[in-house]
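Here is the structure we will look at, set down as structure tokens.
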Amino acid sequence: MICSLFAPDFPFPSLKPTFPRSPRRPPLYFPKHILCLHHRNHNIFENPSKPTGIFINTLVESNPGHVLYREAKKREGNGRKREFPLVGSYQMLLLCGLGYWVQGFRCFPWLALNFHMAHYLNLHPSILQLVQNSGNLPMVAKPLYGILSDALYIGGARRVPYVSIGVLLQVLSWGFLALIPVAGEALPALMACVLLSNLGASITEVAKDALVAEFGQTNKICGLQSYTFMALAVGGVLGNFLGGYNLLSSPPRKMFLLFSILLSLQLSISSATREESLGLLQLPEPDVHGKSIMENVRNQMSDLVTAIRDPSIFRPLAWIVASIAMVPLLTGSIFCYQTQCLHLDPSIIGMSRVVSQLVLLSVTVLYDRYWKRVSMKKLIGMVQILYASSFLLDIVLVNQINLKLGISNELFALCFSGLAETIAQFKLLPFSVLFASLSPKGCEGSLISFFASAVCLSSIVGGFFGIGLASLIGIRSGNYSSLPVGILIQFIAALLPLICIHFVPTISPVVEREKKRIVSRRSRRNRRVGRVVYSDSVYVYRRERESEMQG
């Protein structure tokens, strides 16, 4: 390694490097000049025209008040911002960006389905909530889909084919509801279509989440999940807005058909996308001829169990699951109260969801710009307090306190009806970023799907707790006098997880990634051995690794 020296009074001007100099740093002031020599190359003066390794640009001013300093020019590509798009970024944006947008747009047919069950089928509030929670049962099996996606290749790919399969199942389910009248009138047939739709949606979500995690790990990008939440929120804004507007003039079956057409467009895009074009790290395909598929699945399951046993994964996972499961959900009862007692217009409920999704989009942008470097424990604690406080707004609406304040039911429901659900969705974002950054290679789909499945299962448990609570305190159609008591129980239950907030890591994954990157840069910068001569003293510096080995 050669150190190039030049100064106004130095007799070797040919040692000046030919590459452009970096901008000058503020001068330091020393009484004497500093001469930097590297003992690894003693022929510096005999062969100065062959610089190798890392170039060092040393500036010396003739003014004795200035000092000679050196600056390393890193190799091409090191430490520079990318001036070219990442490989496969456009294909990922089209496949996953559209996929997450459609996933958020699923509220469009679901809003119509809820009104169809409440008004056309006249379901009891508890039965309505039972259908909603039971329809999410396919989401619980997400770890199985993730393990299959990691272990079983289809046509040489392990992500994109599963996206297409999931979208196809959704097209069939919503198509049946739109084109076959019996499917929407009989509760068993409707339940079968709902289960098939959620099965396809869960398979698609698992594959997309694994793709995003792999793309972030391959390109050293942390926090891509915030962009997926933005796409979800944008889809939710448009879906709720159009859903509330179309319910006034169109039957639910027409909305089911429109969503089926949109899913067909997504299916055509995913079918035309090749996984090799996404620029992901290609792992060797398992040898299905030498060993059975079940053995591959068993090995993948063993890797998943090993990853979950890691305390850095298990502790935050246990906290987020418990914080959701212990809160009884009364969404079905509140929905029926708004439509049957307050007689709110469908457009008001749809627009309230629009406002909620706009709030989710705004806080996601704030998280991506500012909050992702905040202490994760502090952020989650504040979010949990806000989540518990948002339940008290339902008491204000049920007891008609808003009318005493001069706020109409329509305006209050428009602004605050879906706030609790929005905060609950945002609470998942830091944990999604955390688990995506901690997932081992080749286990991205399994771990992230297990997280999504655990969250879904905890939501179902909370929903069944809500059904039991509603039956216990006597909430039924036409009698909502005990609804404030149930909401108060929700508020108390939402504060209990703060007791175990120490399970949440203090440092956010983005800050942890930045610290590792800084340490890596310092270690590369310290891989230089030489001597610094200052006046008559000699200071010998060693590699950082050598000093650690000696210590």
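Quick reminder: no glycine exception, Cβ is built from N, Cα and C everywhere.
A TrEMBL annotation is a machine prediction, not a hand-curated record.
Per TrEMBL, the feature transmembrane segment maps to 160-180, 227-248, 317-335, 347-367, 379-399, 411-435, 447-475, 487-511.
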Mark yes when the transmembrane segment (160-180) and the transmembrane segment (317-335) have three or more Cβ pairs under 8 Å (sequence separation 6 or more) and no when they do not.
no
Intrachain neighbours beyond the transmembrane segment (347-367), with Cβ under 8 angstroms and 6 or more residues off its ends:
104, 107, 111, 226, 229-230, 232-234, 236-237, 240-241, 243-245, 247-248, 335, 338-339, 410, 413-415, 417-419, 421-422, 425-426, 429-430
Under a Cβ pair cut-off of under 8 Å, which of the recorded stretches 160-180, 227-248, 379-399, 447-475 contacts the transmembrane segment (487-511) most often?
379-399
Quick test of the contact rule: Cβ under 8 Å, at least six residues beyond the ends. What residues does that give for the transmembrane segment (160-180)?
95, 99, 109, 113, 145, 148-149, 154, 190, 193-194, 196-197, 199-208, 211, 253-254, 256-257, 259-260, 263-264, 266-267, 270-271, 273-275, 278
